[in-house]
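Okay, so here's the structure we're looking at.
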Protein chains: 2
Amino acid sequence: MKSPSQPRDRGIPEATVARLPLYLRALHGMAERGVATVSSEDLAVAAGVNSAKLRKDLSHLGSYGTRGVGYEVEYLVYQISRELGLTQDWAVAIVGVGNLGRALANYGGFASRGFRVAALLDADPEVVGDTIAGLNVEHIDELEAVIKRRGVSIVVLATPAEAAQEVCDRVIAVGVTSILNFAPVVLSVPDSVDVRKVDLSIELQILAFHEQRKAGGPLMAVDSQ
Amino acid sequence: MKSPSQPRDRGIPEATVARLPLYLRALHGMAERGVATVSSEDLAVAAGVNSAKLRKDLSHLGSYGTRGVGYEVEYLVYQISRELGLTQDWAVAIVGVGNLGRALANYGGFASRGFRVAALLDADPEVVGDTIAGLNVEHIDELEAVIKRRGVSIVVLATPAEAAQEVCDRVIAVGVTSILNFAPVVLSVPDSVDVRKVDLSIELQILAFHEQRKAGGPLMAVDSQ
DNA sequence: ATCCCTTTGTGAACCGATGCACAAAGTAAC
DNA sequence: GTTACTTTGTGCATCGGTTCACAAAGGGAT
Ligand SMILES: NC(=O)c1ccc[n+]([C@@H]2O[C@H](COP(=O)([O-])OP(=O)(O)OC[C@H]3O[C@@H](n4cnc5c(N)ncnc54)[C@H](O)[C@@H]3O)[C@@H](O)[C@H]2O)c1
Ligand SMILES: NC(=O)c1ccc[n+]([C@@H]2O[C@H](COP(=O)([O-])OP(=O)(O)OC[C@H]3O[C@@H](n4cnc5c(N)ncnc54)[C@H](O)[C@@H]3O)[C@@H](O)[C@H]2O)c1
């Protein structure tokens, strides 16, 4: 029971927060393989980042390493988990149980880290009542009631684009402040609400841009003029 | 047939490239609604960004606006499309036709912008031979042959994590240099290859982090020590 | 042709993130 | 205890990206 320094910096840089899950994943792998301690260099390689960056990231949580040795894997797993809020579990609702919503509902990796799919909702009477991954699909009219009853704090939007803003407004109205949006629309929300979007189509377009540069790169100058 | 300035900057900032698809989406919406020209201010609002940023982004492509007026919607759509490489069409292969791969294959939004799902591949004999979204699922042993035959230049990885690196190595070996990875692993690839990852679990963890701050923020100091 | 109004394109200040490089802090061996 | 070695934690220079704010450019009215 040592008492390590705990500078517990309020305000961890956003870029750091985005990498913590990566470190956590690498650390879990190491823990499984029985690794007890790890150096910033090794962990950095496993997570695919630069070791100085990794050390700076971790330094924002506190001074959890031992100079000359490295970081204790179990301990670091715990500290990062706590920082990310993974020591509690989070009830997630998936709204829109189509192609994508179904895949998400069936996905096991969800539950693994404190995220529990607590509700599935859809507007289509054909789908409502179905059981998917052990969960009953409920009607979108029940949205507010279900969110309150199950203590849902994170909503995953997998509806068509046209329905996304409306559902978004409704869940915010009942107090949800964290939304993961798969619909290809810019949601408009108050500042107090966090929206993260996953947009497959944008990712492909970015790849296409670079692919084009690689392929026709230098001779692209064949201008149509 | 005017001849606008064409500074055609080599080297568009990465952050700009990532936003171009957003502008393009907003512009398509406007074109559909019959809007002929748009100001940076209006387009910025539609895309959810700051107008100065939008103008600077567009300025990297060339001087396509008219002072006092704005941008011609159709013309801008064309310029951005061309810059992103969407004037040609791209053959995409999806490897791993499970929950997620199936959802992707069935997704219509794919084809809409020059991306064509040209092949589905899986290792499971149960799945191979199935027809999904009009496409025959082929065996992973055929990977190299299929990629060459269909001219696939972008590969979507939707296999389990354990298989991802191996499939990745194989597609790179046949010349693929653009990969969209859904598996929760850090792929190791040569610098010449672009990998973009979509990681649902990381997104949720980032949301949880902020949610925790919002909820228990100030009173979090209830340390377990 | 001149004036007024709108909106672009960009210089410059600012801000957060990255990565180098090293002093400080620890272990281990003798 | 001293020395040799390892690895963290961080100061600092640098970089890419954002935002402000305004001069330059164009349109339209008179
Ligand atoms: N499937 C993919 O691979 C993929 C990829 C990228 C983006 N997306 C986006 O994800 C979203 C879902 O895609 P999908 O392929 O699952 O579509 P889908 O049409 O298969 O499913 C949408 C589901 O939402 C339900 N729905 C419609 N309106 C609703 C409402 N108001 N409230 C609740 N549910 C409602 C429909 O009944 C349907 O079950 C779309 O916005 C799509 O653009 C999907
Ligand atoms: N389903 C989701 O919502 C979701 C969300 C986030 C991440 N992911 C990730 O996406 C990947 C796929 O998820 P899923 O839910 O579709 O899993 P899944 O198990 O349903 O599908 C995986 C498919 O890959 C095939 N496969 C296995 N080894 C292969 C190989 N060597 N070559 C080709 N195909 C092979 C399997 O036969 C199976 O059909 C996983 O890595 C998962 O972690 C999925």
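Cβ atoms are placed via backbone N, Cα and C, with glycine included.
A TrEMBL annotation is a machine prediction, not a hand-curated record.
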Problem - Range annotated as DNA-binding region in TrEMBL, from A:22-61, A:62-101, A:102-141 - result: A:22-61
Practice task
Could you check the binding-site residues A:GLY96, A:VAL97, A:ASN99, A:LEU100 and tell me which sit with their Cβ under 8 Å of a chain B Cβ?
Solution key: A:ASN99, A:LEU100
Problem - DSSP three-state assignment for A:GLY96 (NAD(+) binding site) - result: coil
Practice task
Restricting attention to the domain 'CoA-binding' (A:85-186), give the mean pLDDT.
Solution key: 96
Exercise for the section: Using DSSP, tally how many residues of the domain 'CoA-binding' (A:85-186) sit in helix, strand and coil. Expected result: 38 helix, 29 strand, 35 coil
Exercise for the section: Might you list, by sequence position, any residue in that chain lying six or more from A:GLY101 (NAD(+) binding site) with a Cβ less than 8 Å away from its Cβ? Expected result: A:ILE94, A:VAL95, A:LEU120, A:ASP122, A:VAL156, A:ALA158
